[in-house]
Amino acid sequence: MTHPTGLVLVGLDITVLIALTLQPLGRHFDDSDQGADAVVRLPPFRRPSVPRVVVFLALITAANLVIVAMRPSPFVQVYRSLVARMVDSVVHDPGFSTYYAAKLVPLVPTTVLAFMVIAAIVLPATPGRRLMIAAHGVLFLAVSVVTSTMLALVAYAVNSPTFGPLPLIDLVLQESVAFFVVFRFAFTSFQFPRVTQVPATKPGRRWETFLLLMCLVAALCMMGSLAVVLIARAGAELFVAFLVIRALRAGVMDCIYVLLGLVRMAGPGSPRPDERRPPLEVIIPAFNEAVVIERTLRSIDRAARAYGGPVRVILCDDGSMDDTRALAEATIAEFGYATGEVIQGRHAGKSVALNLALAECEADYVYRIDADCALDANAFVYSVPHFLKHPDVGLVGAFVLPKEPYTTWIDRMRALEMIFSFGFARVMLAEVDAVPCVPGTFCAFRRLPALAIGGFVHGTLGEDVFFTCSMARLGYRAAIDPRVISYEDVPTTVRQLRVQRFRWCKGGIMSFAAYTPFGCGAPGPRNWFKMPLGAGKGLLKPFSSAMFLLTIELSILDPTVRHNVLRFVLLLLASQITSIVPRLIVMGYYRRLRLLPWMVLWIPFSFLKRFFMIEAFLSFGMRPVKPPLRVRSRFPTWSSVFRARPASALDPAGGAAE
């Protein structure tokens, strides 16, 4: 029988911990961004550094080895003792409490504590901020104890005769809760853009939310069934079973994409072109694009020919130091179907160039295209009907394919990634309006709503994510049409990939901070589902990498694990079936099966991307620790005390010198 007093105390603990964890996620007290309107003004962030990432990973690996070598460590004993005491305070059954606690493996709290301490060491923070970062490990320890206690109370309430999968369920629950603590650490420690000021003028998309939830439940059921089969093959090896579940997460997303594809097939399909040909305008920012600008402009002219309506190109030369302007003007002069002009920018960045070009536009529908992209001839023909048939469509994106020929293993890996992760996935997510970014390689949009949100945000990376999310807050959908094809240059070297991923990851994290569902609401699946999983992934990669390394080390070095390398590999491969099959189908549809032999390099490519994401994570500026406003107004800070000038520097009247 449960004890009411103990149950009430546990309930109070849960309430306090939820408030401590979730309240800062709203970012209502972050004053790092000193910009206004569509301008973000943050202190400069650190340059990417490979040694910094190497030190971080080395410390993580060393900490994990210490954890493995000390098993059972004093931390494990303390953790189990805390859980046993809390459970016993409610059920008053010492035998049950002790037996349950002995079954727990505090893998996640150990990882979080080590991760926070190492982050406090590696990140360039003040002493006060380092203590605050490390304190997140203590916070999660409390959250973890309460989570394990709640799971024990559920088992006790249903009178479970055996604990069975409870230790594994405990690991999965704790890792899920740990994500919120990591978000809290990032939102309270890093200097991020302010929460968006664009109001959500339309209610959330209830039908899309319901549809996505149904697909999510179905995918979880399918992956859960596969997990049960694979875990049964893993036997009693807890860590192997945990790795299988972690590997199946990608399969959940792929199942959702497939289910949304079935929904798309059952629906009315993409709108068909009719006889209407409204005027279109194309804006292009260009800086030192002499090598590719002619090809891009000629592809626009070909698309204008197929379209048959007026198409005007406005290219903003953002202070190029090569022949970009001259080549662009010469190519535009040779247009046979489109018209255009070149305007001069001031080398203030891509967003400023885009806004200068947008200010020159007069048509209702504008196309934003990067200077290194080429359009398919039917790009305008198939994209315009979305605007004409659906008044709530505010943006239309393309299915982006990499330009050929491929020359290195890097561009082949990028081709595989673009076809499925960025192409097929975006098309499916558009069915429930969950696309977080219509990329700047090809983005058609309505001009008046774009002006209403202030155009393109300046001063941050990922301006296309900001643009897409701001348009969505006005109630406009983002459509992705696979018939609209844009061809994009892809990185061919590790160096180029590093630069690209640094910008993408940093921009994704900034956009997630600006449009966090905890701070500005979640008007649709884009905010509450895809952004935490997609853009927020950049914040979770360092922690998930630490978690992955520790689980692998425990699986290999733990003497209690029965080693069977072949079975371990087969289990992990089997867990990837649901991810491999859809990719093969999409590769066949787009005639890219010749890339199939290169898939053996996908794992090294994934680790390379993970390395660059950690590099971006470690480059953010750090917020200083500031006491509450009332305290700051009454007591001087230490820095102001040490910087105070002597009395001789003041005027005779005792006031500060003018």
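Placed from the backbone N, Cα and C atoms, the Cβ positions cover glycine too.
According to TrEMBL, the protein carries these features:
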- 6-25: transmembrane segment (TRANSMEM)
- 50-70: transmembrane segment (TRANSMEM)
- 104-126: transmembrane segment (TRANSMEM)
- 138-159: transmembrane segment (TRANSMEM)
- 171-190: transmembrane segment (TRANSMEM)
- 210-232: transmembrane segment (TRANSMEM)
- 238-263: transmembrane segment (TRANSMEM)
- 568-586: transmembrane segment (TRANSMEM)
- 598-620: transmembrane segment (TRANSMEM)
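For the transmembrane segment (104-126), same-chain residues at least 6 beyond its ends with a Cβ under 8 Å from one of its own Cβ atoms are 46, 52, 55-56, 59-60, 63-64, 67, 73, 75-76, 79-80, 83, 133-138, 140-141, 144, 148, 167, 170-171, 174-175, 178, 181-182, 185, 189, 238-239, 242, 542-543, 546-547, 550-551, 554, 618, 622, 624-625. Between the transmembrane segment (50-70) and the transmembrane segment (598-620) there are 3 or more Cβ pairs closer than 8 Å, counting only residues 6 or more apart in sequence, so the two stretches are in contact.
Same-chain residues lying 6+ beyond the ends of the transmembrane segment (598-620) with a Cβ under 8 Å from its Cβ atoms: 45-50, 52-53, 56-57, 122-123, 190-192, 409-410, 412-413, 416-417, 494, 497-498, 501-502, 505-506, 509, 537-539, 541-542, 545.
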